[in-house]
Structure formats: structure tokens, C-alpha cells
Amino acid sequence: MAALRVLLSCVRGPLRPPVRCPAWRPFASGANFEYIIAEKRGKNNTVGLIQLNRPKALNALCDGLIDELNQALKTFEEDPAVGAIVLTGGDKAFAAGADIKEMQNLSFQDCYSSKFLKHWDHLTQVKKPVIAAVNGYAFGGGCELAMMCDIIYAGEKAQFAQPEILIGTIPGAGGTQRLTRAVGKSLAMEMVLTGDRISAQDAKQAGLVSKICPVETLVEEAIQCAEKIASNSKIVVAMAKESVNAAFEMTLTEGSKLEKKLFYSTFATDDRKEGMTAFVEKRKANFKDQ
């Protein structure tokens, strides 16, 4: 905790007062977690909600927390009723960064041989859409974790930063890559080289955040978006997510070819037929995820 306070004091910009988040219900599967809280939400329990829950450490991302996060993600990924996932933090911090105490005494050999931080990548492999609902600090690994999600909603007082430079290192979980793709080279370079934080408003203007919400309604608005996504065909949603993500990995020509392939693939699904039939018949589609 002391190390986190030192890091927070180094990140430039005024500190914000804490805000309160709503109470949470236990995970439906009965799993016992130490560092997260997970549950199903939405009118028909179609949304998986995961809350990072290390408030005394400002949700510092220790190995145990990441392991539990991966377990909850796997459970929701395998649940046929869940169509989208919301990832959020606490009242003061989404996540203030990686756990510095776990990293302090690591050597190059330790990092290389253990593929340090490799287990963070599981979030990027989830096929169901994941929405980050960010209140408070999203610093370092917390900012990287949010950027691994497909959509970012931010509370009005949220702040984003990559302050690793201030403790003698650089982002190691995709920060230099995803931040640059999201906000462009100039702002990303400034944030990475100075450790400066940006506000939710600046993050939205730069393209990092898609929506700013009142603090009190942030999570519920993210859940509403997730419910809307979950109401569509899950198999087609997965195809759409894959196609959009390909834009960051492929050339325009390659990405367009993949898009066409996935577009054609929807014509092999019952849901495509149902969706177009429902449109012609002027009724709501009844997707079966087939």
C-alpha cells in the first residue's frame, strides 16, 4: 500500500475525492473469491459483472486478483445465458496499477523465464464483449486492463495514466501498443514519457473512452449497454468483435477479406435468417444463437 501511495503521489494532477458504488450480490456459481466479486446482472441475467475488490490497495493487480479474474471470465465465457461482461472497480480506483511489491525484487531472469504478466492476456482472448466501467484511477496496469476490454465507459471523475516511467520501467501489459492505437502517437508518447494523467473528458476526446457517465449511474449504464449487446445473436456478436479487432492487426486489404469471410459466414446461421425474416415481417427477432 505504501508503494502505491508513493506512485500515486508521483502521477501529476490533482487527487479526486472518493465516490461510493452500489452494493454487490454474490456470484451465482458459488465461487469464493478473495480479490473480486462476480455476479450475473440484467433483467434476464444475461450480463456477467465482475468487480475488482482490493479497496485497501486501490485494486492493485496482484497475481491472485488476475487469477480470480481469469476464473470468473472463463465461467462467464462458458455460460450460454451470458452475452456480455462488465468489468469495474471500486469507489476510488478501477485499478491503480500492478502490485509493485510483487515486482520489486524480480530479476530479468525471473520475468523472462516465468513469462511475467503473460496471464494478463486471457482477457484479450475472451470472445464475448467486455465493457470496462471505470471510476477513479486507471493507472498503469489498471489503464492497460481497461484497454484490453472492448468498450470503455468512464465516470466523470475517472483518470487514466501510464506512470511506469516514474518508477524506472515502462508499461508491460500492452500499454505502449494499445494506448498508441487508441489515442495516437503524440498523446501516447507524452503520457508514457511523462507519467501524466488525463481526465475522463480528455480520454473521450482522444478516443480512449466511448462514453462518460455520472459516477452514480456508470455501472448501470454499462450493464444496459451489455444487455443490448446480449440481446443479439451471440455467434454473430462474436464474429463482429473478431472483425473489428482485426483492424488493429491486419492491413486494410487483409481485414476487408476477413470481414467478407465472416459476413458470408453469417449466412450459414439460423440467426441471420431469423433476423432478416423478422425485419421483413416487422417484428422483433428471436435469436437462438445458432
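Even glycines carry a Cβ here, placed using N, Cα and C.
Remember, predicted model here, so these are calculated numbers, not experimental data.
Database features, via Swiss-Prot:
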TRANSIT   1-27  transit peptide
MOD_RES   Thr46  phosphothreonine
BINDING   Ala98, Asp99, Ile100, Lys101, Gly141  substrate binding site
MOD_RES   Lys101  N6-succinyllysine
MOD_RES   Lys101  N6-acetyllysine
MOD_RES   Ser114  phosphoserine
MOD_RES   Lys115  N6-succinyllysine
MOD_RES   Lys115  N6-acetyllysine
MOD_RES   Lys118  N6-acetyllysine
SITE      Glu164  site 'Important for catalytic activity'
MOD_RES   Lys204  N6-succinyllysine
MOD_RES   Lys211  N6-acetyllysine
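Annotated features, which come from Swiss-Prot, shown on the structure.
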| residue | record | Cβ within 10 Å |
| --- | --- | --- |
| Thr46 | phosphothreonine | 21 |
| Ala98 | substrate binding site | 30 |
| Ile100 | substrate binding site | 18 |
| Lys101 | substrate binding site | 14 |
| Gly141 | substrate binding site | 28 |
| Glu164 | site 'Important for catalytic activity' | 23 |
| Lys204 | N6-succinyllysine | 18 |
| Lys211 | N6-acetyllysine | 16 |
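Counting in whole angstrom, Gly141 (substrate binding site) lies 28 from the residue listed as 'phosphothreonine' by their C-alpha atoms.
For Lys204 (N6-succinyllysine) paired with Lys101 (substrate binding site), the C-alpha to C-alpha distance reads 32 Å. A gap of 10 Å separates the Cα atoms of Glu164 (site 'Important for catalytic activity') and Ala98 (substrate binding site). Between Thr46 (phosphothreonine) and Lys101 (substrate binding site), the C-alpha separation comes to 37 Å.
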